[in-house]
Amino acid sequence: MANTTVLNTSEVAVTAGLILAVVVEAAALLGNGALLVVVLRTPGLRDTLYLVHLCVVDLLAAASIMPLGLLAAPPPGLGRVRLGPAPCRAARFLSAALLPACTLGVAALGLARYRLIVHPLRPGARPPPGLVLTAVWAAAGLLGALSLLGPPPAPPPAPPRCSVLAGGLGPFRPLWALLAFALPALLLLGAYGGIFLVARRAALRPPRPARGSRPRSDSLDSRLSILPPLRPRLPGGKAALAPALAVGQFAACWLPYGCACLAPAEQAAVAEAPVTWVAYSAFAVHPFLYGLLQRPVRRALGRLARRALPQPPRTCTLRAWHLPTFLQHLQGPSLRPALGPPGAPEQAPDLPEGENLSMTGAT
């Protein structure tokens, strides 16, 4: 009876993990695909190339290593499919190359936004995006090549060790973790920390008086209007939202994976499935974090949604015809002078002497 209960609990856990993994996979594919279409059709974005690169990397990961995680994750993972030697090396190379490409791409996007905000009038200080992304893919290729220097896949009775956490990199795992996670984390923290400091400094700066403004009077109402609010706010609190979300998402998704890479292979293999899918959830979060938080992207998405959805037919509203409105419509435009004030009373026409305009005559 106890064995049956344990077996049922294990099956329920595997089924729940499989459902969550499928949801993350679908969100990554749909979100990155939609964001890629919106970014390509929005010419006003300044960091378009970095966003396109991030969407492409997320789509590649969602189409390659995430299905492998669903099908061929080692026990106690999600799948039970065993890969051969060549597919195992291919899966190891893709994991070791696409994950650094994603983390380094996020760091490059943060540095680009830092330069646009802090140094907007110094275009010479910004390297071309093509050169930056070429360096990102060169570093990702070198880190992926380290996986080919690891131990070969184990024979069939033993786990094949097709992932980075299960010992696929061999002695290069700490070096790979430092270059793939520690370096992008430091770059991202420095970039968004600088953005927050600039925003906080701008929030603390007193506003300049407008030209032609009159000096403030010394009345009691003026003194009360310049008093501080009852609930003081932290300057730059709203500007800290985007940097906090970016840094917090990076730490929440990639820090467990980086720490598992620094642990021994036997201990990392035990927590491989949950740690790996927490890291893979970053591919599904990026479209919402780096896409929907931008106002031009939201506006472009709204325009595309309005064009795609069928518009309801416009119906003419029936106007209620009242007798005064109908009589005014028949009389035509008013004879009131155009330059007169709108609220001035109408003047009576010139009448001969001895005649007055009574209510009956006006009617």
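Just so you know, glycine gets a Cβ as well, placed from its N, Cα and C.
Looking at the stretches 93-111, 245-263, the one that TrEMBL records under the feature transmembrane segment is 93-111. In the predicted structure, the domain 'G-protein coupled receptors family 1 profile' (31-290) carries a mean pLDDT of 78. If you look at the transmembrane segment (50-73), the same-chain residues 6 or more away from its ends with a CB under 8 A from one of its CBs are 18, 21-22, 24-25, 28-29, 32-33, 35-36, 39-40, 79, 81-83, 91, 94-95, 98-99, 101-102, 105-106, 108-109, 112, 129, 133, 136, 162, 272-273, 276-277, 280, 283, 286-287, 290-291.
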